[in-house]
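Q: Feature table excerpt (TrEMBL):
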BINDING   A:H109, A:H113, A:Y130, A:D294  divalent metal cation binding site
BINDING   A:Y130, A:V131, A:S132, A:G133, A:G134, A:D162, A:G177, A:E181, A:N266  substrate binding site
DOMAIN    A:29-300  domain 'Gcp-like'
Amino acid sequence: MTVVIGFEGSANKIGIGIIRDGEVLSNPRRTYITPPGQGFMPSDTARHHRAVILTVLKEALEQAGLKPADIDCVAYTKGPGMGAPLVTVALVARTVSQLWGKPLLGVNHCIGHIEMGRLITKANNPTVLYVSGGNTQVIAYSERRYRIFGETIDIAVGNCLDRFARVIKISNDPSPGYNIEQMAKKGSQYVELPYTVKGMDVSFSGILSYIEEAAHKMLSSGQCTAEDLCFSLQETVFSMLVEITERAMAHCGSQEVLIVGGVGCNLRLQEMMGVMCKERGAKLFATDERFCIDNGAMIAQAGWEMFRSGQVTELEDSWITQRYRTDEVQVTWRD
Amino acid sequence: MAQEKNMAVPQLLSNVELVKQGAEARVYRTEFLGKPTIVKERFPKRYRHPVLDQKLTHRRTVQEVRSILRCRRAGISAPVVYFVDYMSHCIFLEEVVGSLTVCDHIASTQQSESCQDQELEWLAQRVGQILAKMHDEDVIHGDLTTSNMLLRRGPEDPESNLVLIDFGLSYISALPEDKGVDLYVLEKAFLSTHPNTEALFEKLLKSYTASSKKSSAVIKKLDEVRLRGRKRSMVG
Ligand SMILES: Nc1ncnc2c1ncn2[C@@H]1O[C@H](COP(=O)(O)OP(=O)(O)O)[C@@H](O)[C@H]1O
Ligand SMILES: [Mg+2]
């Protein structure tokens, strides 16, 4: 049996999870929530993580009913993400690894999402749509790499949603995306917005600047409601995401889709993807917010796979990096 | 009645052979006026809002036909358009008989042992040339992948052996930025689909550069777009 503890804190969530051979033993998490209209800044986010990380660690061990001696490997997020929070969490991971005398493992955050999705849904070899605040990628596996077939040319879809939420002052609690999703359910009027798909790539900066410019005018003139805007924005950006996923599936001859990342728990996105899959005779796999949103177990799971295939990270190599592409990682644990 | 007339094409399609479901359309094989024909049907996508669906489907059908005609007029191989039905969004195209996609061709050549390098280099050169010619006509393809290029088999004139298809996302632009992004999209699709082909893609770009009068501005933009990609923040 192999037990891996994973530390994740690359953005505004701090999570620590423990995995034992495919079983999630614990996965506590905290979120740094900012006031409406504000995004999260690196140093404030790092301060938040520092303040709670030891409490979360204690919870993770207690809920799993394990002692440090039961752990075989300490995995942490090496990147990509925000510098200051990454450094904070890596420092704690390094410390406990030395205190407990257990090997360290630096994990690519995106690979964590993919491996967690595969574990939970049992999807075998899916086309992966990875959608979060910082990333928008369509990924498929071949020859020991998760290869990026499509991605955003500019900003991530989650970033587009979050910044829209700031423009019309939607609450960040529990997350801007969740609140947009709830408001969208009450919207009915479809407002046409720019739609930009380039092959398997997408662009969201045009739609964001359009809506930043037009939102207040449309709202104050009574042309549409805030709910209508949420609805229209979701319908438009999710259609783009489903479209590039379908393009990648056709190109790769794939019949499975897995959605991962924080935006992936949006039920409307899942519903739209499900309709597309049905039209192609394909199968959709998705998870709920426990595993879609950044968490510690996903880092533990990717770490588990890496550790079992013989990888460890030496102390002097245990740095972090803000940019770390999914396709840089040699996937040593799959054929 | 208009309703009945609209049904003519869909009814026809219920009796013909479905070849495959592509990236956005269903592709059927049939005969039209005695010629082997591919029917590309952009069926309604139920996952998206009907207003958006109608707008995209119509725009893409129009653009596809327009760009194919523009390319053919300039001597760039693309299938002949036989007939278009804008009600059901069906395009009747010349079937490139016995063809295979460049994607499948590269994959099978990479699998086989013999003389693959020369064979693929020739192909990369041809792709570079045809794209240069297309961009010189200010046609931006919008969906350049190796699935959207066909190879006509047979000992014909090598010039006409490579055929460009799938112009649904195409548009007309003279801007080097748009051409650079077109190549960037191809580069990423190419390298992710065909592992270890960096050198081959370099050949393709070299041939593009040599074949187009306006290539230097385009390649400069391509470099810029690549750099933007590498510098993009990945927070969250
Ligand atoms: N004119 C043609 N002749 C032969 N095969 C074709 C032709 N047009 C399309 N195909 C086949 O159908 C597939 C999908 O067509 P395409 O135009 O790319 O549609 P989509 O937009 O759905 O990808 C192509 O990859 C090719 O295999
Ligand atoms: Mg195609």
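Cβ atoms here come from the backbone N, Cα and C positions, even for glycine.
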Q: Of these binding-site residues, A:H113, A:Y130, A:S132, A:G134, A:G177, A:N266, which are close to chain B by the rule of a Cβ under 8 Å away?
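A: Out of A:H113, A:Y130, A:S132, A:G134, A:G177, A:N266, A:S132, A:G134 lie under 8 Å of chain B.
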Q: If you skip the near sequence neighbours and keep only those at least six away, which residues in the chain come within under 8 angstroms of A:G134 (substrate binding site), Cβ to Cβ?
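A: Listed in sequence order: A:A11, A:P80, A:G81, A:A156, A:G158, A:N159.
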Q: Can you list the residues of the same chain, besides A:H109, A:H113, A:Y130, A:D294, whose Cβ falls within 8 Å of the divalent metal cation site's Cβ centroid?
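A: Near the divalent metal cation site, the remaining chain residues are A:C110, A:G112, A:I114, A:S132, A:N135, A:V260, A:G261, A:G262, A:M298.
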Q: Please name which of the binding-site residues listed here, A:S132, A:G177, A:N266, is nearest in space to A:D294 (divalent metal cation binding site), Cα against Cα.
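A: When the Cα distances are compared, A:S132 comes out closest.
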Q: Between A:S132, A:N266, which of the binding-site residues has its C-beta surrounded by the fewest other C-beta atoms within 10 Å?
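A: Ranked by other Cβ atoms within 10 Å, the binding-site residues A:S132, A:N266 bottom out at A:N266.
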Q: Cα-Cα, whole number of Å: A:N266 (substrate binding site) versus A:H113 (divalent metal cation binding site)?
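A: Here the two Cα atoms are 16 Å apart.
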Q: If I take the alpha carbons of A:Y130 (divalent metal cation binding site) and A:G177 (substrate binding site), what is the distance between them in whole Å?
A: 15
Q: Give me the long-range Cβ neighbours of A:H109 (divalent metal cation binding site): same chain, 6+ apart, Cβ under 8 Å, in sequence order.
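A: Looking at Cβ-Cβ distances below 8 Å from A:H109 (divalent metal cation binding site), excluding near sequence neighbours, one finds A:E8, A:S10, A:T77, A:K78, A:G79, A:P80, A:G81, A:D294, A:I299, A:Y324.
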Q: Cα-Cα, whole number of Å: A:H113 (divalent metal cation binding site) versus A:S132 (substrate binding site)?
A: 10
Q: Which of the three DSSP-derived classes (helix, strand, coil) applies to A:Y130 (divalent metal cation binding site)?
A: strand
